[in-house]
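Everything below concerns the one structure shown next.
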């Protein structure tokens, strides 16, 4: 199956991307909005695209999930956990729909992470230091609509944080944070069991199910086909 681009609330996610500092191309696995019901209205804050390493993700996920319908993947927390923890790179692009400060974003993300780690009894000095470095990376930034936050999640447990004033992806740069729990937690907060973007989760389940089906038949990796489709 060819991989198409997705448009989410006017934000276009191309079918392929190469994260800052990565040697690997990534395909668009899914995309959707993050929003919240406020006063009876659904307010959209960000559009989120999740990319997976093209030369490793499909084969890694196929062993357990190939042949299963999208509905099964979408309803199974273990599938999303396998995406988060899989031995392949992931790349997440968060593009603003409404303006947001770096402090607002980083405080909310780390607040949820720390609460989870403390409840699980795994919050150590290493996690505290990683959280501080994460907040420092965001401190001087404010994000206008259209600006993007870029996360590269390494299977070695390194989270690279970069920024763009638009939807472009810089070839290099960013802040590298070596902490496996934080690296996983950022993606887990988006597509995990209590992920903030159900739309991105559903999109990812639908597209990966088709890719696994196509890979099983063709024995190959996804190719790019830049044709807009709905989420």
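Heads up, residue numbers simply count up from 1 along the chain you see.
Glycine residues also receive a Cβ, built from the backbone N, Cα and C atoms like all the rest.
Annotation comment: Swiss-Prot describes 46, 112, 189 as substrate binding site, evidence class similarity to another entry. What Swiss-Prot records for 105 is site 'Important for catalytic activity'.
Same-chain residues that are not part of 46, 112, 189 yet have a Cβ within 8 Å of the Cβ center of the substrate site turn out to be 34, 108, 109, 186, 190, 195, 196. Here the C-alpha separation of residue 105 (site 'Important for catalytic activity') and residue 46 (substrate binding site) works out to 11 Å.
Across the annotated binding residues for substrate (46, 112, 189), the two most widely spaced Cα atoms sit 18 Å apart. Cβ neighbour count for residue 189 (substrate binding site) (all protein chains, 10 Å cutoff from its Cβ): 21.
In this view, residue 105 (site 'Important for catalytic activity') is surrounded by 20 other Cβ atoms within 10 Å of its Cβ, with every protein chain counted. Here residue 112 (substrate binding site) comes close to 189: these same-chain residues lie at least six apart in sequence, with C-beta atoms under 8 angstroms from its C-beta. Neighbours of residue 46 (substrate binding site), defined as other CB atoms within 10 A of its CB across all chains, total 26. A helical conformation is recorded for residue 105 (site 'Important for catalytic activity') in the three-state DSSP classification. Secondary structure at residue 112 (substrate binding site), as computed by DSSP, is helix.
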